[in-house]
Each structure stands twice: as C-alpha cells, then as structure tokens.
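Asks: So TrEMBL lists these for the protein:
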- 1-24: region 'Disordered' (REGION)
- 139-590: domain 'Major facilitator superfamily (MFS) profile' (DOMAIN)
- 208-225: transmembrane segment (TRANSMEM)
- 271-290: transmembrane segment (TRANSMEM)
- 310-329: transmembrane segment (TRANSMEM)
- 400-419: transmembrane segment (TRANSMEM)
- 431-454: transmembrane segment (TRANSMEM)
- 461-483: transmembrane segment (TRANSMEM)
- 495-514: transmembrane segment (TRANSMEM)
- 535-562: transmembrane segment (TRANSMEM)
- 568-586: transmembrane segment (TRANSMEM)
Amino acid sequence: MSSLPHGNNRLGLSEKPSSVQSDSATVINDAKKATTPPTAQYGENPNFGPQHIELSTAMLNNPLDGMSPEEVLKDVDLFVEGKGLTEHRDIFRRGALLARVAQKEGAFEEIAEIPENEKQVLREEITHRWKQPFMLYFLAVLCAGSAIVQGMDQTAVNGAQQFYFDEFEIGPERVYIRGLLNGAPYLCSCLIGCWTNAPLNRFFGRRGTIFISCFISFVSSFWMAAADSWWNLLIARFALGLAVGAKSSTTPVYSAESSPKAIRGALGCQWQMWTAFGIMLGFVASVAFQNVTAPVGESISPPRYPQWRWMLASTAIPPMIVMCQVYFCPESPRWYMEKGKFDKAFRSFTRLRNHPVLASRDMYYAYKMLEVEQVQREGKNLVSEFFTIRRNRRAAQSSFFVMFMQQFCGVNVIAYYSTQIFLDAGFTRSQALLVSMGTGIVNWLFAIPAIYTIDTFGRRNLLLLTFPLLGLCLFFTGFSFWMPQGDVAGGEMNTGRVAMIATGIYLFMAAYSPGEGPVPFTYSAEAFPLYIRDVGMSFATATCWGFNFILSFTWPALVAAFTPQGAFSWYAAWNFFAFFYTYFFLPETKNLTLEELDTVFSIGNRQHGLYYKNKLPWYFQKYVLRKEVEDYPPLYQLGGAGSMSEKLERTRSRQSRPE
C-alpha cells in the first residue's frame, strides 16, 4: 500500500470518515459511544485483520468524500476529456456533484448547480423507488428467465427418470448409474462450468455469457431427448453442466451492476424466487407429458417410453426465449467501463435510469470505485490472499457453509427424487408426479416472502429459525415410512401413510424457501471484498454445485443402504448441526456497508463463538423468562478510524507482524 498518497488525492481519500450507520444489533458507531455500554471482553484481543483492507474500504465507502466541489469538477473535466465524453460535460459535472454527496440523504437539495426539474427527479428516486424505466424491468425479466432456465433444468429430470430408467433397463440395483445420470450436470458445473465464468465474462460480457449458457441449455435439451443409450444421455447431461455454473455466477452480477441501489437488493433476490418458479415448471412438464405417446423419431425402435423425451425437450423453451431477449437488453455499464468503452457505458446507463443526470452520477461514481478497485488489486496474488488473510478466509468459510448447507439440508433430494420417494410411499406413478408438482408450487410460493424478510429479519435469523424446522420435517417424513404400507399390489394403500409422507415433504419445502433458499447466493455475493469478489463467487458456486452432485449421486445408494428412515435422518441431523454452527460462528450481513462487513468478517471464530456462548443466559432471561434486561454489549464497534496518515501507519505496523 506504499503507493497510496498520504493526503487527499484524486481518489478522494477522506481524512475523517463519517460515522458508520447500521441497524445491526451487534454493531455500534461513534455517535452512540456516549450512551452505549462498552464492548465486553471475551478472553482475546480483537484482531480486525490486515489494515490494507480497512484502508481500501474507507476509500470505497465513498471515494469522493473529502474532495471539495471545485476538486470534483476539475476531476470530472479530466474524466470527460480523457474518455471521449466532452459532449456530455455539463451533465457529468452535475452528476459528479451529486455523486460527491450520494450517501447523504437530501444533500442534493443544497447544490445550486442542480436545476429544479432534476431535483424533482432525485426526490422521486427516493419516494417512488419502483418508478423505473421500461428497459430496467425488461432486464429484470431477462434475469428472471435465466433463473427459470436454471430451475427447470434441475427438476425436469425428476419425472423423466421414472421412464428412462425403464427404457435403458437401469434397475434399482444399479444405484450409482442412476445417481450419476442425475448428478452429471452438477459435477461438470463444479469442475468446469463455474470456472468458465471469468473468461466468458472477460471476452463476451454479461449478456454474451448468458446467451452462451442458454444456448448450451437449449442444445442439451434436444440432445438429452434424442439420446439412444444411457451413456449418450450421461454425456448430454454432463454438457448441460457447462451452462449451469456460468449462468448462476453471471446473472446475479448482471442484475446487480445494472440496478439502482434503491432496489438492487430486491431485484437480486429475484434469482432465487424465479429459480423456484423454474423448479415448479419442471414438475409441471413431468405431469403434462406423462401420458404423451407421440413418437419422437426412429433412433429407438420401437420408442418404448417417449414421455421422458418430451419432458426433457420441453426445457428448451425458456432458454430460447432468453436468447431472444438478450439481444434487446443493454450490456452491463460497468463491464463497458472495464473495457474502456465509456461512450457505450453512458448509453447503457441512460437506458437504465430515469434521467441522464442519474446516469451520469452513477457512471462517474462507478468509475471512481473502479479506480479504487484497481489500487486494491495492484500487486496482489488474489488466490493467496483468498486463504491467507483472515477477513477473506472468514468470508470464504461462511460462504462455504451456507452453500454446503443449501445442498445438505436435503432440498435437492426432494427436487430430484420426490417422484421416486412418493412411489416408494405407495402412490401410483401418476399420483407421484402430481404430488411432486405440488412440492414445486409450495417452493415457489414460500420463496416470495423472502424478498421482504431477507433484509428485515436478517440472513442469520432466517437460518436460525428454519434449520430446526427442516430437521424436524425430515425426521417426520422418514419416520412416516414405518407406518404400514397396505396392500399396494391389491390396490389398497394406507392413505394415512402417504398423507404423512406428503405432509412432511410439503412442510419441508415451506420451511426451506424463505431460509436456505434465498440466503446462500445473497450472502455469498456480499461477503467478499470487492477486489476478490469474482474469485469468491466462483468458489461459492462451485461449492454449491459440487455438493449438489454428491447429494444427487449418493441418494439412491443411501436409501438402499439405510432405508428411507435412515436416509432422511442423515440429512435431518445435518440441519441440527447447521443450527448450532450458525448460532456460534456465522456473522450477520443484513444492512451492513462494505466497511462494516470488513470488520465483521475480521472477527475470529473463537471470539465470535465466545460472544454468543456468553450471550445465551441473556437470551434465556429475556425471551424465556420474559424479564426486563439491559441491552447486551455489542460485539462490533465501528467508526473513529482516524486520519489517513494514522491508517497508513497502522497498516505498516500490522503488516510487519504475522497474523
């Protein structure tokens, strides 16, 4: 960090950062020190991590903070001249003045250079945050369509496998071939697909990556439908994984980079909600085509079970629609700026904002953020810092945990094998397909409230609430298999047994959708500092799809070895483990700025665990005994970072000693 100057400069480093505001229950700031009890001690001195991270995030909080209006105007004049935007000089001068006070509510009212009509636009940005241009919502529909592709690719196989297992004579005893056929896309995604995200985005942009991944999904759909052997089907499903990883890593980033900050979180949550909708469509396709006997070609003579071919071919429809939409959407403005195409970036911003002054403000602000990011990346080995710096390692650990538990909570057992589970419960094939569709509907409906609760109730609290419920539901479902089955061969099933199993699975999906459904991707996207976020998201998505493969590959063998009771209990136990891990070791990220998150993730596991261990009696007194108790001292205390020279001195001293 010796390349950074010691005072104000054109990056806008502030000598005295403003107090950090937060509504987190475990964070206080300087303004509240006089009235807040001192932070409790837990047996080790807090180590807030390498200070180059603190310095970088102080800059990122607002890179223009500390610059006078005259300095900002001089800087923006250099910007428009250097980037070929001189024809837009006036609008960028006003936009830069707005960017300087972007984090101060209502400060634009005091800027004399902003005319009244533009001030009205700025007021409406706050009071009517959902009043956005058509193109922004068209882009949101594109991202929703990409999520639908993802979800439908995951679950169309649920019903199809009941037919292609019979057609290719893959009996119940061939458990590993069954598991491999279902898990092949996620193996490919973990090993290859997720890691193609960076090069595809570098060369083709966000839109291009989405188009390529949807094209692969489109071709793979027909390839799977035309497969004439189980190994041909296996190769086709493995190829599908090339699309899964790149699409899941790129689409949320494309949405975030294109959305205004007022609704960025809500639009970001759409990924999970519409993935759940696509999962539901996969079940719908299984029901719709279960009795279709129309021939599908002469490669199989005779085609014994054409239903599964129609089910898998139907997954080509959503990616075809998305590929057509991509052409009409603007590219990510940030990607254009990274490529030096500032004229195209401005045109893209103007299509995504209600007024050119908003476009110029957001573009200039994003440019200053990119300058800081380049300073952060300079001279750093990103892979090494990903593991050796505590702040980054804690973010990786937490992202790994939520992604791992998205699979090992057991949800994709339902997504991929619910039809077989219901068949084992005593349903007929038609009934099993129909009841499986119900799980998809429940999954989607209960994902909708997460748009609100994830930012109000919090990520950590949602997990603490839902993990025990998920475990109980799985125990309930597994133990229901001990009920008498009835004379299935004679057409007499035990309706109580099948009702109990269906109820357990439906309740499980209802508990999953607002918790482990939306939290992992949202949490992982915000946990990593900006300069290693691409590496972090690739790691997180690879974790998700890797364990997805393990779950889908091992479930048939697990059921054969442990019976349904033991198999469901295995994943139930993981949910109870996850509850305790979340309580003691998982930081909350709700409504925290990047600067706050750097401090939060710099707290070690030991201190975090000790804090919540010592807080247990306080919870008991307050919520069980319902006593009036004083507020518990916060774990994190932010603010008062001092002058830039002091920060640099602390940086040198802390970097000179081992972590």
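Each residue, glycine too, has its Cβ placed from N, Cα and C.
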Asks: Is it the case that the transmembrane segment (310-329) and the transmembrane segment (271-290) touch, counting contact as three or more CB pairs under 8 Å in which the residues of each pair are 6 or more positions apart?
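Replies: These two segments touch.
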Asks: Answer yes if the transmembrane segment (461-483) and the transmembrane segment (535-562) have at least three CB pairs under 8 Å among residue pairs 6 or more apart in sequence, and no otherwise.
Replies: no
Asks: When you scan the chain for residues with a C-beta under 8 Å from the transmembrane segment (271-290), skipping those not six or more beyond its ends, what do you find?
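Replies: Long-range Cβ neighbours of the transmembrane segment (271-290): 143-145, 147-160, 251-252, 255, 307, 310-311, 314-315, 318, 415, 419, 429-430, 433-434, 436-437, 439-441, 443-444, 447-448, 450-451, 513, 517-518, 521-522.
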Asks: Limited to the domain 'Major facilitator superfamily (MFS) profile' (139-590), I'd like the whole-number average of pLDDT.
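Replies: Here the mean pLDDT over the domain 'Major facilitator superfamily (MFS) profile' (139-590) amounts to 87.
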Asks: Between the stretches 208-225, 400-419, 431-454, 568-586, which one has more Cβ pairs under 8 Å with the transmembrane segment (495-514) than any other?
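Replies: Looking only at 208-225, 400-419, 431-454, 568-586, the most contacts with the transmembrane segment (495-514) come from 431-454.
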